[in-house]
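Enquirer: So TrEMBL lists the following for this protein:
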type	residues	note
TRANSMEM	21-43	transmembrane segment
TRANSMEM	55-74	transmembrane segment
BINDING	C397	heme binding site
Amino acid sequence: MPTIRPWEKYREWCREYRSDVVFVHLPMQPTLILGSATAAFDLLDKRSNIYSDRIVSHMLDLMGWGFDFVFMRYSQRWRTHRRMFRQQFHQDVVAKYRPVQLQQARVCLLSILTSPQYTRKHARLYVTSTIFYVTYGKKITSMDDEYVRIAQIALEGGSIASIVGAFWIEYLPILRHIPTWVPGTVSMKTIAKYRPYLMDMVNKPFEEVKIALSSGTATPSVATTLLEQVRSDHEGTAEEAYYEEVAKNVTGIAYGGTQLTTSACESFLLAMVLFPDIQKKAQAELARVVARTRLPEFDDIDDVPYIRALVMETMRWMPVTPFGVPHATISEDEYHGYHIPKGTMILPNIWAMLHDPQDYRDPDQFKPERFIGKDGKMDSSVRDPTTISFGFGRRICPGRHFSQNTLSIFIASVLHVFDITPGVDASGKLVVLTDEMEGGLIAMPRTVPCGLKPRSEQAAHLVREAAADGAVLDSLLAPLVVTSSPADCGT
Ligand code: HEM
């Protein structure tokens with residue numbers, strides 16, 4: 001199986017065989033690639049009762065990812081985890097996290113104003129600090145924070161372990177018994193390297209919240225809500241330990257989504273430089289609706305259709321999970337005359353679906369206009385890319401509402417305050433940007449601009465004022481203190 005930008009190869013195969021489904025005979029792993037939205041909806045949505053399983057990955061399992069219901073088999077254990085997670089992140093609940101998202105977006109504006117050459121780092125910090133605050137009530141002021149570093153390394157391990165076809169252990173599980181000192185045991189060495197970080201990522205912050213809760217000093221968060229709920233429902237029962245573990249697991253999962261949301265923020269920044277006319281149009285809408293005398297709020301988003309379309313186009317143009325998370329069949333099936341065996345891995349080629357010229361003309365162009373009708377309102381006849389980019393059926397991303405809010409307020413805030421240009425690298429050369437993506441399960445733009453300049457003195461003043469007048473209150477306010485790390489301009 002291709003391991004570098006596999007989504008492009010998968011599309012090639014579908015074109016070569018003139019089919020929107022292509023069957024690949026991997027050793028011991030029948031695999032079906034879905035190349036069109038129709039095939040994905042037909043199978044993963046309409047037949048979700050048999051298409052909602054996951055393939056057991058020996059790499060992920062041995063690394064410790066069994067806690068994460070993203071990778072769990074379709075089972076009662078998965079249902080319990082998903083239900084508990086959903087209680088904290090469904091559409092109506094996520095509105096309560098908006099003040100944190102807004103506050104962090106403004107901290108991010110101040111950081112960009114102070115050191116635009118670190119824009120990529122600031123965007124990462126924005127998404128990360130938001131999720132850490134919401135899940136653990138923990139304030140994160142730097143990407144050098146111990147917990148952030150642990151989580152980043154753990155996720156790097158997850159991303160590497162999930163590359164389809166990259167590790168022999170998936171096909172020869174017996175390899176797990178070969179000691180790591182034997183030359184060539186890449187799988188076991190990779191597992192041994194990342195597992196300790198994963199354990200710390202899940203356990204450490206949760207244990208901290210538990211201690212704080214017992215001493216009455218915990219900041220309200222998803223973790224405290226879940227712990228209190230477990231205590232009220234199960235204290236003293238045989239199930240208490242089990243539900244507490246579920247609470248720990250679902251809280252630990254949320255950080256996984258930060259990589260994806262960060263990638264989406266980065267794609268937006270890149271698109272604004274590669275398509276400068278779109279940037280100007282979006283800024284004009286914000287100037288008209290929000291006016292230059294204040295910063296955007298969540299309530300403004302309903303009144304700026306072009307910005308909403310721009311958020312949708314960001315999710316379409318550079319999908320951050322280009323082939324989603326593979327599903328698996330629970331029983332055998334038939335589709336368009338093809339026999340699909342039980343246990344088949346299903347790879348939805350999300351990237352190809354979102355670049356299908358039949359649904360999205362000139363798919364490589366960044367054109368929010370495609371989602372807006374002649375009346376200036378959202379055109380519901382054009383397929384909303386978020387019905388694809390967040391996956392399908394019973395496994396659809398349960399963090400999507402939270403993530404969309406994080407992305408929308410970032411986009412509106414940055415565009416209202418800054419002109420986005422390529423920027424210069426450490427040697428003073430203009431950054432050369434490309435629309436290439438890199439990564440595996442999670443993809444990101446290879447280059448990100450860092451030339452963000454305040455649109456006016458008034459815009460810069462608004463950002464400083466928001467910081468000074470207490471709209472953003474505490475130490476979170478401090479713009480990222482950049483120490484010795486090199487500028488992350490471009491890459
Ligand atoms: C741009 C941001 C995001 C994108 C594009 C995205 C996309 C996806 C996709 C494609 C899946 C697999 C769905 C399937 O199996 O068909 C998924 C699953 C999941 N996502 Fe997201 N996601 C994002 C952000 C988040 C965030 C912020 C969170 C947490 C707050 C989150 C939590 C989850 C969880 C828990 C699952 C597993 C669902 C299951 O297997 O039942 N995601 N996401």
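Cβ from N, Cα, C; glycine included.
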Enquirer: Which sequence-distant residues neighbour the transmembrane segment (55-74)? Criterion: at least 6 residues beyond either end, Cβ under 8 Å.
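Expert: Residues 29, 81-82, 85, 157-158, 161-162, 167, 169-170, 173, 176, 187-188, 190-191, 194-195, 198-199, 202, 248-250, 252-253, 256, 325-326, 328, 330, 343, 345, 394.
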Enquirer: Which residues, sitting 6 or more apart from the residue listed as 'heme binding site' on the same chain, put a CB under 8 Å from its CB?
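Expert: Expected: G257, F390, G391, S403.
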Enquirer: Six or more residues beyond either end and a Cβ under 8 Å away: which residues meet both conditions relative to the transmembrane segment (21-43)?
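Expert: The answer is 1, 10-11, 13-14, 51, 55, 164-165, 170-171, 333, 335-336, 338, 340-341, 343-349, 352-353, 356, 359, 383, 388, 392.
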